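J.: Pasting in a structure now, in structure tokens, and then I'll have a few things to ask.
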């Protein structure tokens with residue numbers, strides 16, 4: 001993936017201006033509300049699917065860690081996601097379409113958090129970043 005300097009700057013702006021943990025936890029809650037079948041992958045949550053629940057907070061932390069890796073290696077994400085992709089495929093049996101659903105929910109929450117700063121240009125750059133992450137997570141499925 002080729003990134004322009006402007007795209008990287010826009011992704012950086014999103015990353016540095018948001019409370020990652022809060023936004024990802026809200027995105028997970030949105031995922032569970034809008035796509036309730038995704039809860040089947042989270043049996044250990046024991047029915048606790050709200051952003052404030054400790055189970056969601058813990059998983060949000062894992063998602064934030066993965067996004068941080070992607071952000072820090074924006075020019076070469078795939079090699080850094082090999083093990084995570086493999087885990088989701090071989091151990092967790094997660095349908096890779098769900099990565100896209102979470103990415104979409106995250107984009108909605110970022111738009112809500114950034115309001116007017118979430119311009120069409122920012123949205124396009126973040127969407128590109130999300131697609132790179134989703135592709136890297138889905139690599140083990142190919």
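Cβ coordinates are placed from backbone N, Cα and C, and glycine is handled just like the others.
The domain 'Globin' annotation in Swiss-Prot covers 2-142 and rests on sequence analysis. As annotated by Swiss-Prot, heme b binding site applies to 59, 88, with the evidence given as sequence analysis.
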J.: Using a 10 Å radius around its CB, how many other CB atoms surround residue 59 (heme b binding site)?
T.: 17
J.: Are there any residues in the same chain, six or more apart in sequence, whose C-beta is under 8 angstroms from the C-beta of residue 88 (heme b binding site), and if so which?
T.: 94, 96, 137, 140
J.: For residue 59 (heme b binding site), which of the three DSSP-derived states applies: helix, strand, or coil?
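T.: DSSP call for residue 59 (heme b binding site): helix.
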